[in-house]
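Reading through the structure tokens given below for one structure.
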Amino acid sequence: TDFLIVAWYVPCLAAIETLQELCRKENLRCKAIGITNRSLKSYEVEYLCDYKVEEGTEYYLVKWKGWPESSNTWEPEKNLKCPLLLQNFLSDKNEYLSRLRDSKALEVRNHVNALKPLVADYIVKKAKQRIALWRWKEELNRKKNHKAMILVENTVDLEGPPLDFYYINEYKPAPGINVLNGITTGCECADCPAEKCCPKEAGFILAYNKQKKLKIQPGLPIYECNSFCRCGPDCPNRIVQKGTPYSLCIFRTNNGRGWGVKTLQKIKTNSFVMEYVGEVITSEEAERRGQLYDNQGNTYLFDLDYDSDEFTVDAARYGNVSHFVNHSCDPNLQVFNVFIDNLDLRLPRIALFSTRTIKAGEELTFDYQMKGSIDLTSDSADGLGPSKKRIRTVCKCGAVCCRGYLN
């Protein structure tokens, strides 16, 4: 008798180092994760946990990569060949001691024979956070579909990556919602834009100038060339669909607004910066979720109200870098509705363009009350937007023209 064996594969959420720890703890071999007879006893410093001086010799407590914490050992400094980890250890120690001095909680001495438990505990937490944020950065860059890099930075607190956030590059439609319909033909231009190019066919002007910068006013739609068009990838009417061209950094803000996003490159006026994506749901479902989110304080609802208010984008669990962009009453980004492979006016794509020149290192923001109303809290923790407001929330944007409240 022939038997059909069906194998089911699911992604493992544990890091390789965690799996290696389990293997070594149980004395198991697994070539797939690098645990062989030869490597079973290999040692590499993952981070440094503690410090002491005995008989004039400095020792560091070492957490070995791929080994459980029960295998930590004290090693003399001369045996350690990890200058960056030593630098991180000393930097984290000095940062913590500096905060103690500032709070005047106690007298702190730099030269000690052993660290206080609170200091060592902080150093370990920072080391674990640094590893977790590095892994998150690697994951984001694996999943993105554009060339520019995504960095992650937290020099403010011990907050790690969000636990329930999944990076996506385009809309994730709920069952029954089709975000790819309405396109059956494209332009026949040999050199866009021509007389019969996509914007003119839709009754509008081309949105971009020769420098590929936006030239239309807010409120007007953008019609880009689509997958049926004859033109190639270098067409000047293909901007949003290529993804963000700028390297960006998700960073922890120092004034209670949670995570934010800053650009690592100069951005010129009227340039495309990023697209706002998430789950596409009905407005009825958005209302139901909004009531739940009010209790949790983590709503990211963006109404697609260009033509009607039938659909909403929810970026609470699924989204891209725009999930972390904060509000400002004096923003440097503006919302535009874009149509590419879907001409359904109820389902525009949402693009964010620069309103002025943005310097490298500057935070990116947009006004949650601008056209395409939005309801954002949690990591972009300024509060609730106007579309589904239920409580009055104080604005923390710090702009000279700040309205004081988000709603």
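Yeah, the Cβs are placed from backbone N, Cα and C, and that goes for glycine too.
The following features are taken from TrEMBL:
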- 43-101: domain 'Chromo' (DOMAIN)
- 185-243: domain 'Pre-SET' (DOMAIN)
- Cys187, Cys198, Cys225, Cys229: Zn(2+) 2 binding site (BINDING)
- Cys187, Cys189, Cys192, Cys197: Zn(2+) 1 binding site (BINDING)
- 246-369: domain 'SET' (DOMAIN)
- Arg257, Gly258, Trp259, Asn326, His327, Tyr368, Lys396: S-adenosyl-L-methionine binding site (BINDING)
- Cys329, Cys395, Cys397, Cys402: Zn(2+) 4 binding site (BINDING)
- 391-407: domain 'Post-SET' (DOMAIN)
Counting Cβ atoms within 10 Å across all protein chains shown, which of the binding-site residues Cys187, Cys229, Tyr368, Cys402 comes out on top?
Tyr368
Just checking: which of Cys197, Cys198, Arg257, Asn326, His327 have a Cα that is within 10 Å of the Cα of Cys397 (Zn(2+) 4 binding site), counting only these binding-site residues?
Arg257, Asn326, His327
For Trp259 (S-adenosyl-L-methionine binding site), the closest of the binding-site residues by C-alpha position, picking from Cys189, Cys192, Cys329, is Cys329
Pairwise Cα distance for Arg257 (S-adenosyl-L-methionine binding site)/Cys329 (Zn(2+) 4 binding site) [Å, integer]
14
Between the binding-site residues Cys229, Gly258, Lys396, which lies closest to Cys192 (Zn(2+) 1 binding site), Cα to Cα?
Cys229
Could you check the binding-site residues Arg257, His327 and say which one's CB has the fewest neighbouring CB atoms inside 10 Å?
Arg257
What's the number of neighbouring CB atoms sitting within 10 A of the CB on Cys397 (Zn(2+) 4 binding site)?
22
